[in-house]
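Q: The structure is given below, and queries will be raised subsequently.
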Amino acid sequence: MALKVAVQMDHISTVNITGDTTFALSLEAQKRGHELFHYAPDRLSMRDGVVSARVEKMEVRDVKGDHYTLGEPVRRDLTEMDVILLRQDPPFDMNYITTTHLLERIHPKTLVVNDPAWVRNSPEKIFVTEFPDLMPETLITKDPQEVMDFRREFGDIILKPLYGNGGAGVFHLADGDRNLTSLLEMFGQLFREPFIAQRYLKDVRAGDKRIILIDGEPVGALNRVPSETDARSNMHVGGRPEQSKLTPREREICARIGPSLKERGFILVGIDVIGDYMTEINVTSPTGIREIERFDGTNIAALFWDAVEARR
């Protein structure tokens with residue numbers, strides 16, 4: 001059965017189709033005969049309890065520089081849609097949170113993927129703390145003294161904003177680095193929220209693995225290796241993608257968290273693993289499926305739509 005699918009995303013003109021997961025999901029939906037609609041989060045509205053968006057009919061093509069066509073914008077009641085993909089990138093701020101409140105009003109009659117209430121209640125750097133034995137030593141605080149004590153305990157640490165994304169604002173403070181005090185001052189000025197400190201994992205030099213799970217089951221993995229001059233492995237900031245397979249420890253991690261992901265209705269999730277430790281659970285807009293398909297032929301977009309269609 002053909003579905004009406006609205007994609008809530010950053011504007012389609014801004015995506016890099018070579019590595020964009022939302023684009024891959026849209027291509028697969030179109031291939032299956034589903035009707036695609038596009039809208040940016042700032043086109044979402046609610047009036048008198050009716051949730052709507054100014055949507056444009058969308059066609060996509062796997063052609064750089066000519067990857068989309070949009071129709072004329074039309075205000076549509078989103079209950080007319082069968083599926084909405086919640087796919088705009090973080091930051092996970094009040095704008096983002098407000099969209100989850102609005103979309104929650106129409107879910108699950110209109111299937112919102114991922115479930116907007118659970119997306120709101122599962123920020124990736126906090127959700128992961130539900131599994132403390134699977135992650136490195138971690139501190140969430142805005143108290144500078146707590147961070148300095150943590151640094152004295154572990155020497156090398158990572159300091160990053162609690163609601164950042166794409167590697168922005170991530171700092172490696174090696175033992176003896178004298179920048180911690182000034183960094184804490186800067187973080188206090190830039191961020192109203194607490195920030196996060198973690199024990200530095202030296203295994204990151206060998207890569208930070210992104211594992212994709214569909215309905216709580218691992219379906220593919222990608223290793224991201226940082227450059228020689230950067231502590232971050234995110235592909236947005238120059239991390240090099242490499243083909244990878246799951247280790248026994250990574251399968252153990254997936255088996256532990258899988259039931260919780262299914263219980264919360266998370267269809268598409270990406271987790272980050274360094275060595276033996278999980279560092280994040282990404283439920284907002286996980287990436288990596290295009291790279292995985294290029295490396296080993298696994299069509300994760302097809303597995304995603306199989307899971308979505310089974311719910312319709």
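Cβ coordinates come from backbone N, Cα and C, glycine included.
Quick paste from Swiss-Prot:
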{"type": "DOMAIN", "residues": "125-309", "note": "domain 'ATP-grasp'"}
{"type": "BINDING", "residues": "151-207", "note": "ATP binding site"}
{"type": "BINDING", "residues": "Glu280, Asn282", "note": "Mg(2+) binding site"}
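Walk me through the surroundings of each of these features.
A: Across the domain 'ATP-grasp' (125-309), the prediction's mean pLDDT works out to 93.
Under DSSP, Phe191 (ATP binding site) is assigned to coil, being neither helix nor strand in the three-state scheme. Around the Cβ of Phe191 (ATP binding site), the number of neighbouring Cβ atoms within 10 Å comes to 15.
The Cβ of Asn282 (Mg(2+) binding site) has Glu124, Val269, Gly270, Ile271, Asp272 as same-chain neighbours under 8 Å, each 6 or more residues away in sequence.
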Q: Whole-number answer please: how many Å between the C-alpha atoms of Phe191 (ATP binding site) and Glu280 (Mg(2+) binding site)?
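A: With the alpha carbons as reference points, the distance is 20 Å.
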Q: Do me a favour and check the Cα-Cα span between Asp175 (ATP binding site) and Glu280 (Mg(2+) binding site); whole Å is fine.
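A: Here the two Cα atoms are 24 Å apart.
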Q: Same-chain residues six or more away whose CB lies under 8 A from the CB of Leu159 (ATP binding site)?
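A: Once residues fewer than 6 apart are set aside, Leu159 (ATP binding site) is near Val147, Val170, Phe171, Leu173, Leu180, Leu183, Leu184, Phe187, Phe195, Ile196, Ala197.
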Q: Taking just the CA atoms, what is the gap between Arg151 (ATP binding site) and Glu280 (Mg(2+) binding site) in Å?
A: 21
